[in-house]
Amino acid sequence: METKLTTVGVIGGGQLAWMMAQEAPRLGLKLAVQTPGESDPAVALADKVVLTAIADGEGTRELAEHCGVITFENEFVDLPSLEKLAQQGITFHPRLDALAPLLDKWEQRHFLQNLGLPVPDFWALESLPAQLPDFPWVLKARRHGYDGQGTQIINSPADLPDLSKAPPGSWMVESFVPYERELAVIGVRNARGEMEIYPVVETKQIDQVCRWVVAPAPIDAAIAATAQDYCRRILNHLDYVGILAIEFFLLPASTQTPTPEQRLLVNELAPRTHNSGHFSLDACHTSQFALQLQAVTGQTLGSSALRCGQAVMVNLLGYEVSTGDYQQQLDKLAALPHSHVHWYGKGDCRPGRKLGHVTLLNPDVESEPSTAWAEDLVKQVEAIWYPD
């Protein structure tokens, strides 16, 4: 088989593509990446690198010369440029018409509503109702927001930033959801309609950045089943090929929210691998990165099932401006029982930047999911990683 047919192109070269590049050889595949920086993590492992901006259509055309299919590490792409390339026979997975309703958060919310899935109340910033919704609000950039960037909690009119120079249609407002937990689920589908759905996980955010993830989430089985069902519905409706992550709000149980369907709100979709799925590298039979590659190349999908009782993934976030390698801390983390450390090799550290992660496993497959178990390990990891 020609090398081009066994090479997957990835738009993006960060840590998600880096982890894909680690999995590719095990599947008999090569990886080519389109990324702007020579020091981006995936550059060191990719078989071919196109150094250009993520949204550069000509760069994507060059990428396509080296691969049989192109997939995505992030959603910061220029869809019209890609559509021109698709018309010339370049294959993208997910397909561009499946991506189209997901890239803009406003359009994504309407897509979910039309599918009959519950979402928080939301409005375009330019068309707020005459009777303003109660504070607090969540102000969101409709595109290019991630890790808390492009999201702001608005507690009063005084908190509103000056957006007078913002292009129309670039911001939206939604009601703040007083949730009990934040959950996530990742699903994968290939062109034959075969699917794998990972266990539902709980995510812990601090300052709107994910700090840790516990899998499976310690929640009622009916709630987990509902979240996974929503994932299947979205994948099938879009005739999706690739990987999709869904973030949820779980509302507190009450007389107003007695059923799983009433307690779950869909927050956001991400048409790519996701931070909430990093645990799968060490805790599942097949990682999210391997499943994405299998799906977009038409391979049989591996199992997404856990091969341990429980796992907790802790992000290693930057807390200073530095170029250090943090080897002493990494060695201590690696010495923790059933620990797996992943260091992304980024050239510089700054506060809040995701530099790596560590996953810790409970090998007892008969154990019940426990928040206390996860929180104890998170404390151990963060005591090692962060200075006093």
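Note that Cβ sites are derived from N, Cα and C of the backbone, with glycine treated the same way.
Listed features, source Swiss-Prot:
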- LYS105, LYS140, GLU174, SER175, PHE176, VAL177, GLU182, ASN267, GLU268: ATP binding site (BINDING)
- 109-297: domain 'ATP-grasp' (DOMAIN)
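For the domain 'ATP-grasp' (109-297), the model's pLDDT averages out at 93. Note on the binding-site residues LYS105, GLU174, GLU268: the fewest other CB atoms within 10 A surround the CB of GLU268. Taking the Cβ of PHE176 (ATP binding site) as centre and 10 Å as the limit, one finds 16 other Cβ atoms among all the protein chains shown. Our reading of the ATP binding annotation (LYS105, LYS140, GLU174, SER175, PHE176, VAL177, GLU182, ASN267, GLU268) yields a largest Cα to Cα distance of 18 angstrom. Taking the Cβ of GLU182 (ATP binding site) as reference, residues of its chain lying under 8 Å away and at least six apart in sequence are, in sequence order, GLU202, THR203, LYS204, GLN205, GLU247, PHE248, PHE249, LEU250, ASN267.
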